[in-house]
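First the structure, in the form of structure tokens, and then the observations on it.
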Amino acid sequence: MIWTFEQRRRRAGLLFVAPGLLLLAAILGFPIVDSLLLSLQRVQLTGDQVSHSWVGLANFERLATDAVFWKAAFNTAYFAVMEVLLVSLISLGIALLLRHPMGNSSLFRIMLIVPWAIAPVANAVLWKWILNANYGILNGILVSLGVIDFNHVWLGSPFSALNFLLIVDVWKSVPFVALLMLAGLQRVPQSLYRAAYMDGAGPFQSFMHVTLPSMRGILAIAIILQTIWSLRVFDLVFVLTRGGPADATVLMNFLAYRVTFNFLDLGYGSAIANVIFALTLLIAALYVWLLWPREPGGRR
Amino acid sequence: MFDSLNRRNLLKYGAATGVGAAMAGFWTRPVRAADAALNVFCPLPPDPAPPGAAEFAKEAFAKWQADHAASVTYEKLGWSQLHDRMATAFASGSAPWDIIYNCGWVPEFQSFLAPYADQLPKDVVDDLPPSSFKTVTIDAKRYGAVFTLSLLTLFYNREHLEKVGLKEAPKDWAEFKAYAKELTGGGRYGLVFNYGDPAGIGGTASYWMVFLQQAGGKMYGEDRMPVFNNAAGVDALQMMVDLMAWTDPGSISYANINDATNVLLSGRASMMMNWPFMWNTANDPNQSQIVGKVSSAVLPAGPAGTASIDGTDAWTVAKASKNQDKARELIEFYLSPEVQKRQVLDTGWLPIRLSVLADPEVQAKAPNAAVVLEQAKHPYDSFVTPDYNEVTVAVGTQVQQALQGQKTAAQAMADAHDAVVAIVKRRG
Amino acid sequence: MSYARLQHGGPLRRLIVLIGLVIFVIWSAAPIVWLVLTSVLQQRALIQQPPDLALHSFTLANFTTVLASAALLGHGMVNSLIVASFSTSVALGVGAPAAYALARLPVPRANGIAFLILATQMLPGIAIAIPLFIVISRLGLIDNVLSLGVVYLSFNLPIVIWILRGFFLGIPFGIEKAAAVDGAGIFKTFWYIILPISWPPLCASAVFAFIEAWNEFFFALILTRQHAQTVPLVIAQFAGQYQTVFGQLMAAAAISVAPVIAVAVLFRNQIIRGFADGMMKG
């Protein structure tokens, strides 16, 4: 009796999962495999068509000595670490604010959605104008407030340019993660807080011992997704800096784009993309192992 | 039971597919069966676009289609996305277009293009500047026809110059520096450039190519290897570095030319290199603070005289096109004197035909046309090669480093040389 | 200190929350305010420093110009609506059962499958764009709104599965046990018990999928030509090589974001409930 019940559940489970898996395989199967194969080829647009020749691991060997690639790798590492940190902390802060009775208004929540709903193309151009060194409103405001006494070239020096890209991307990424965290916060059973209060816990203790542990799953999802996304930032670089000045803001995904679509070096571009893939996979696996609650299905 | 379920599902999927097909049909415009259908891939206005895509010569265009039993559909796209869509289409071996707008990418996509321009009528070719074919000729075959004379020239704010007692535009490098210095101050800069994007026609590398030719240098030797790592290359870069002292410091962050143009139009810079189209923008009261104050001049001469680069906006025909003759005829129509004249009068893009450029009505409407014609008498090579994008990224990045003081001009040139050698060798 | 006091905090905590909210409002809204302002200003006024905000600089010309090409923008919005609705409904329809199975049913190697699904998101879109283009052009489905919608499933479906799976994992087993005791089958339990109490996360993931599909740019650029062009492509058209009319671009952006905001306002109760009440009360 129990065995057949389990069997039924197992069959239903497969039936539930199968359409999604098949759909994903149908859409992404060939492109993913082909991209992997492309990274082992040299592709040239010569003659009447596109010629492919197998080159083994040559593309990956070229990566090792490509200074631009390493620059992009370091930029990306800095960018991704900072982005995940900032987005997680700011989002958690906003989620806590909006859960507080004073912040519990629909106006705030709609306001939270807006930056996310703006088309990224428009968003990037908007920020390009805001940050413009000559007629940008950021310089205008800061100068008239007396914070700075001359216009700054925000996107002019390597470190500053990278950090402004970071800020804009954080601005764009926070809403979704904050909504996710707010949802997670709301799920924490009030009884746990009550119990913590009975035990004499203050706000900080109850945050550390009740809120955070209860949100572990949500936090894990938020951090994993944000990591994946921060490793593939592209459109902001394309519009705001084009990787400049002097490759200071070249991130790996932008480099993959540049090599693939501007240089038409499809094999090498795929190699870069596959490095991003491998790195993301490793980091995500690490996060899942570290953060994911040990007992799936268990009440947390 | 499972069978019937499956069949029902199949029917459902069938219906869904049918709906999908119907939807696809819904979005496709019907084409008259007898007509030759021509598909033209082009940028959107205000970038240079043909009649029918831009608002000019519409009746003539309709008449041409009727007379030639052809229906023309335009696939228009924002300029910055053109290359991506072309690259994808060509790289997967299927491009649906008959006529393709090209801008410095002819060598790159050469194997997909037909050398149709060799068959253009003699009277048309004779009326075009011979040098305009330079960027579209490969192995003595002409793959394209440039349709707008678009060279970088100097634009300057006449009022600013007059205020400091300068009557004419700077004529040579020494004057250029002296003017820039004189014009800088009071929240205003002598010059503004867009040095943010290293690559492409009109990016950092392009400006260096302008100075390179003015210094008497060139990019490649007969063996197609780089030959710029010499006095000319270093002098060109040193000139740019020297000018930085009086250039809007934001220049290094302006990724697009219109970021820099706006600075000139706001009156906070006095001079810049720009394309002929700038004339209209500068005199549009909705966009410009300096209406009526702009003048244009030939670029200041270096040791080897003045020189510029070419915007290379050209029409090309796809090798895979089934209507190559008709496509060529359409391009001939684009190049016909009446269309060329409407092009400049209605859109501001200069014609390429010398006879139209000489037309008094055209010269009255576009006073800078004479300047561009004069500039065209001097070298204006954009040095396009199949790996133009990669080469200009490499060179432009080195130039940016020199402009920021991270490297000396000599060091940057040496590094750029090595990078370009590697790129050319890898191409094989 | 009473329990209610613990929730609301003392005067100091109220002050901190107030300051936090003010910063939050400025942080989120300032760029948006600037977007709206720029869409009604002449470019001439915008390039001044500081911007010329005098009354004569204001204009509706940007909107009228953009609306004059309304066929284009309208067409793009209809396409985006079709693409986004299609992609969202399929992602939820296929994703919710998959997420439930991966969270609650004894699927072998559920964690491995879930990770595999997530792994599909790790290869940058740039790498799969060209192979994807080859497949779709062989099928003759370039420039087709529905094929674009299907492609969008490649990122919407995995994310929806992961968001929902996280929530399903938190449902107490008692609920399903009670349903099983009452004789409800797995499908019934899922349909009549699990889904209704999961309305909030379903709304959350629907909002996610819709916005991502509405705004996607790169695949839309490569896989469409003219007819299936979506809103982001239309917006990008206002950014030219030689000239960007910033006001028009922002006007187009403001118009295009309006439906998304309208949906958010219209469904605010669901979304608010979604994010506010949560699915479980202790």
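From the backbone N, Cα and C atoms, a Cβ is placed for every residue, glycine too.
As written in TrEMBL, here are the features:
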- A:12-33: transmembrane segment (TRANSMEM)
- A:73-287: domain 'ABC transmembrane type-1' (DOMAIN)
- A:77-98: transmembrane segment (TRANSMEM)
- A:110-130: transmembrane segment (TRANSMEM)
- A:162-186: transmembrane segment (TRANSMEM)
- A:206-225: transmembrane segment (TRANSMEM)
- A:271-292: transmembrane segment (TRANSMEM)
Request  = Output the single range from A:12-33, A:110-130, A:162-186, A:206-225 maximising the number of Cβ pairs under 8 Å to the transmembrane segment (A:77-98).
outcome  = A:162-186
Query = By Cβ distance under 8 Å, which residues at least 6 away from the ends of the transmembrane segment (A:110-130) in the same chain are close to it?
reply = 94, 98, 136-138, 168, 171-172, 174-176, 178-179, 235-236, 238-240
Ask   = What else in the chain is close to the transmembrane segment (A:162-186), if you only count residues 6 or more beyond its ends and a Cβ gap under 8 Å?
value = 75, 78-79, 82-83, 86-88, 90-92, 94-96, 98-99, 109, 112-116, 120, 123-124, 127, 131, 154-155, 211, 214-215, 217-219, 221-222, 225-226, 229-230, 233, 236-237, 240-241, 248-249
Remark   = Same-chain residues at least 6 beyond the ends of the transmembrane segment (A:206-225) with CB under 8 Å of its CB atoms are 84, 88, 91, 177, 180-181, 183-185, 187-189, 192-193, 196-197, 284, 287-288, 291-293, 300
